[in-house]
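Visitor: Take a look at what TrEMBL says about it:
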DOMAIN    67-468  domain 'Amino acid transporter transmembrane'
TRANSMEM  97-121  transmembrane segment
TRANSMEM  164-184  transmembrane segment
TRANSMEM  204-220  transmembrane segment
TRANSMEM  227-247  transmembrane segment
TRANSMEM  267-285  transmembrane segment
TRANSMEM  297-321  transmembrane segment
TRANSMEM  341-364  transmembrane segment
TRANSMEM  385-405  transmembrane segment
TRANSMEM  411-436  transmembrane segment
TRANSMEM  448-472  transmembrane segment
Amino acid sequence: MDGYDNQGMLRSELNINGNATNVGNTCINMDSLNSKCGVVGTKSDNAGQLNEKQHFYDPYQHREVKHPTSYFDTLIHFLKASLGTGILAMPSAFKNAGYIVGTLGTIAIGILCTYTIHLLVTASYELCVKRKIPSLTYPGTVAAAFEDGPRPVRKFAPFAKMMTNLFLVLYQIGSSCIYVVFIASNLKAIGDTYLNNDTDVRMYMVYILIPLILISWIRNLKLLAPFSSIATCMTMVSFTLIFYYIFREAPSFESREPVGTIKSIPLFFGTVLFAMEAIGMVLPLENEMKNPKRFGSMFGVLNSSMIPISLLYTLVGILGYLKYGEHVKGSITLDLPHDEVLAQVVKLLLSLSIYICYALSNYVAFDILWKGFEHKMEKNEHKICWEYALRTSIVITTFFFAIAIPNLEHLISLIGAFCLSSVGIAFPAIVSFLTFNEVYKNAGNFRYSLFCLRNLVIVIIAIFAFIIGVFTSVSDIIHHMK
């Protein structure tokens with residue numbers, strides 16, 4: 001049984017019990033009267049329950065989607081959203097954690113991410129039911145949870161929505177920064193091999209700045225769709241070749257650490273979190289499904305995609321670490337042989353693929369920012385100019401951040417710890433607590449205590465990951481700058 005059905009049953013039980021409690025005295029009084037008059041009192045109760053069912057608002061029945069996606073389409077989209085540059089950094093993450101802690105930690109983080117996404121989707125559905133609206137975005141869900149939550153928190157709804165948008169924008173811009181560093185680092189590896197020099201990676205960032213601006217100027221995502229399909233094919237070919245290099249010689253456990261140091265494990269957490277989380281794509285994908293109930297069900301899109309994703313990330317991480325050991329770099333592509341043409345082809349293919357992904361990542365950040373003041377531009381005759389200016393500004397921002405932090409490993413860990421520990425773990429737990437607080441209060445002290453404890457533990461994990469992860473990443477970045 002999926003999350004929607006569980007919450008719905010609990011809500012229905014409490015509504016029925018609540019009604020019985022409220023009208024209990026009346027029923028007792030009426031019983032004596034009905035016994036004299038020969039009136040059966042259950043007919044009105046049954047009619048009331050039937051009327052309640054008839055008036056139940058199901059958001060799924062009111063969604064009007066022009067081109068709804070099937071189960072399989074949504075599954076593929078979710079897999080594509082979750083499989084990015086992060087998977088190439090998994091061997092580096094295992095270097096920081098050790099192969100035992102890395103394996104257990106990756107699986108645990110995969111379970112945690114899956115669970116918090118379930119919390120978000122279930123809460124969003126419940127809020128849609130309460131408000132009688134077909135769907136909500138992630139920021140809209142957060143705002144609605146605060147607005148409908150306990151009275152003391154309602155005034156924070158605008159601030160909560162703003163913070164959600166802020167973290168989503170920072171995550172997208174951070175991802176774009178990582179893409180810039182990734183492309184530049186791989187092009188440098190190719191250039192250094194064939195030009196016999198050691199050019200600073202920042203120079204390659206300068207070389208690709210204009211192409212990045214130009215692709216970010218594409219306003220219609222449909223124009224990018226064919227290139228996105230090509231990028232997916234290039235990524236699959238590249239991953240196949242990477243596995244070929246990993247298995248060309250049998251990986252060995254010799255001189256490989258089973259457990260990393262206390263100082264380096266937080267870097268592992270940030271990297272894996274960045275690699276696995278696709279929280280920004282969850283509700284848009286679920287909202288576009290032909291049968292949305294199949295997104296969060298037991299064998300739905302979420303579970304069916306996160307299980308192979310967790311296993312694949314674990315496999316790449318442990319095998320990459322066993323293969324290249326303590327010398328593994330921020331991306332496994334940089335560990336491939338420099339003197340083999342096939343290895344250079346992998347780097348080039350992935351650079352082109354990530355170049356296309358850069359445009360998609362920037363589009364999400366632009367869309368969030370542009371909505372903030374789009375209404376002010378409706379009558380502005382220079383609206384298009386301002387739009388291109390914003391797109392260019394986003395590219396330049398990612399460019400300067402990449403110039404400032406050209407280390408791929410530390411940048412990935414920083415973005416994961418800073419953005420995704422909050423928007424990917426803490427926020428869904430907070431939203432779930434605010435949405436179902438009254439429901440669980442009426443469910444009894446034991447169930448309510450477990451409910452509070454569950455969300456509190458998740459938030460504490462997120463806060464711990466945020467503080468320790470950001471501190472460790474920033475410390476390492478500063479150390480490498482000296």
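The backbone N, Cα and C atoms fix where each Cβ goes, glycine too.
Help me see these features in their spatial surroundings.
Guide: Outside the transmembrane segment (97-121) by six or more residues, the chain places 3, 90, 138, 141, 253, 256-260, 264-265, 268-269, 272-273, 276-277, 279, 282-283, 286, 295-296, 302-303, 306, 309-310, 313-314, 317-318, 321-322, 424-425, 427-429, 431-432, 458, 461 with a CB less than 8 A from a CB of the stretch.
Sequence-remote contacts of a segment are chain residues at least 6 beyond its ends whose Cβ falls under 8 Å from one of its Cβ atoms, and for the transmembrane segment (164-184) they are 84-85, 88, 138-139, 142-143, 201-202, 204-205, 207-208, 212, 274, 280, 331, 350-351, 354-355, 357-358, 361-362, 364-365, 368-369, 372, 394-395, 397-399, 401-402, 405-408, 411-412, 414-415, 418-420, 422-423, 427.
Packing against the transmembrane segment (204-220) from elsewhere in the chain are residues 180-181, 183-185, 187-188, 191, 355-356, 358-359, 362-363, 366, 387-388, 391-392, 394-396, 398-399, 402-403, 406: each is 6 or more residues past its ends and has a CB under 8 Å from a CB in it.
Long-range neighbours of the transmembrane segment (297-321) within the same chain, counting only residues 6 or more positions beyond its ends whose Cβ lies under 8 Å from a Cβ of the stretch, are 1-2, 71, 74-75, 78-79, 82-83, 86-88, 90-91, 93-95, 99, 102-103, 106-107, 110-111, 113-114, 117-118, 121, 246-247, 251, 256, 272, 275-276, 282, 285-286, 289, 328, 332, 335.
Nonlocal intrachain contacts for the transmembrane segment (341-364), taken as residues 6+ away from its ends with a CB within less than 8 angstroms of a stretch CB, comprise 84-85, 88, 168, 172, 175-176, 179-180, 182-183, 186-187, 189-190, 193, 208, 211-212, 215-216, 218, 221, 224, 227-228, 230-232, 234-235, 237-238, 241-242, 245, 280, 333-334, 391, 394-395, 398.
Nonlocal intrachain contacts for the transmembrane segment (385-405), taken as residues 6+ away from its ends with a CB within less than 8 angstroms of a stretch CB, comprise 173-174, 176-177, 179-181, 184, 202, 205, 209, 212-213, 216-217, 219, 362, 365-366, 369-370, 377, 411, 414, 477.
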Visitor: Which residues of the chain, 6 or more past the ends of the transmembrane segment (267-285), have a CB below 8 A from one of its CBs?
Guide: 69, 74, 77-78, 81-82, 84, 86-87, 89-90, 92-94, 96-97, 101-102, 105-106, 109-110, 113, 116-117, 120-121, 124, 135-138, 141, 168, 171-172, 178, 260, 295, 301-302, 306, 309-310, 313, 364, 409-410, 412-417, 420-421, 423-425, 428, 465, 469, 472-473, 476
Visitor: With a Cβ cut-off under 8 Å, give me the same-chain residues at least six positions beyond the ends of the transmembrane segment (227-247) that come close to it.
Guide: 80, 83, 88, 319-320, 323, 332-333, 336-337, 342-343, 345-346, 349-350, 352-353, 356-357, 360
